[in-house]
Amino acid sequence: MKDNNEVLKLFIVSDSIGETAQRMIHATLTQFPDLTQVEIKKFPYIKDEQEFLNVLQLAKEQNAIVATTLVSESFNALGHQFANEHQIPYVDYMSELISIIKQHTHAKPLMESGALRKLNDEYFKRIEAIEYSVKYDDGKHFTDIGEADALIVGVSRTSKTPLSMYLANKGYKIANIPLVPEVAIPDNVFQQKNLKVFGLTASPNYIANIRRNRAETLGLSSESNYNSLERIKKELSYAEEVFRKLNATVINTEYKSIEESAFYIEKFLAKR
């Protein structure tokens, strides 16, 4: 190119969507604010060598720069060979770095197309699960509870919220409902036939100690109806009734870590 008024043509060639090369190109172009005439063409899902050669030939005819994110070693070799023979400006974002990392670590690369997109899909699935679990935490919502991968129920201080958030970070949509004898559970919860339900429980003394510690931390009286053994036994009795009605798998969380309880739940969810 002789001046900034000429059109800079860039071809993105990928065996997947081509997002990686596109981001790199856009990041690079920010270093050239005076280049106002830029034309970017994307050629995604290139799986055939002849198709690849056709793109390279077009790049030669249009004096375009070619940027690739191709995992296939044979495709990369073909691209480099054609570019060298025909003096095409050619940038290979993938193979050289893969080779360097492989040599440096002796690790074996996946050599899988679209691995970043799959990683992004997993990331957004996790974000969606976290957003759902926050919305359906502590019985705040019931409308779309059937979308949950699991429902966790239990009396106060049985680790419902920490367990829900831990599982949400693993991509599971979790709803949780606190069980209080004076607060009825909506009928639509009982109508969910395919919803996997887990009931959390512990001994009255264990729960009482946790509640007293919680009250002291908040600067409240450690002696109240909320902390009394009689009240807690009443709540646990009510919880057992709810567990039966919901056909819940019961988990005793006493002295268990969140990871232990989550592992147990994940085993059940994996069977679905």
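The backbone N, Cα and C atoms fix where each Cβ goes, glycine too.
What Swiss-Prot records for this protein:
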type	residues	note
BINDING	Gly154, Val155, Ser156, Arg157, Thr158, Ser159, Lys160, Thr161	ADP binding site
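Locations of recorded Swiss-Prot features on the structure.
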residue	record	Cβ neighbours (10 Å)
Gly154	ADP binding site	28
Val155	ADP binding site	25
Ser156	ADP binding site	16
Arg157	ADP binding site	22
Thr158	ADP binding site	28
Ser159	ADP binding site	21
Lys160	ADP binding site	25
Thr161	ADP binding site	16
Chain-mates of Gly154, Val155, Ser156, Arg157, Thr158, Ser159, Lys160, Thr161 with C-beta within 8 Å of site centroid, ADP: Pro178, Leu200, Thr253
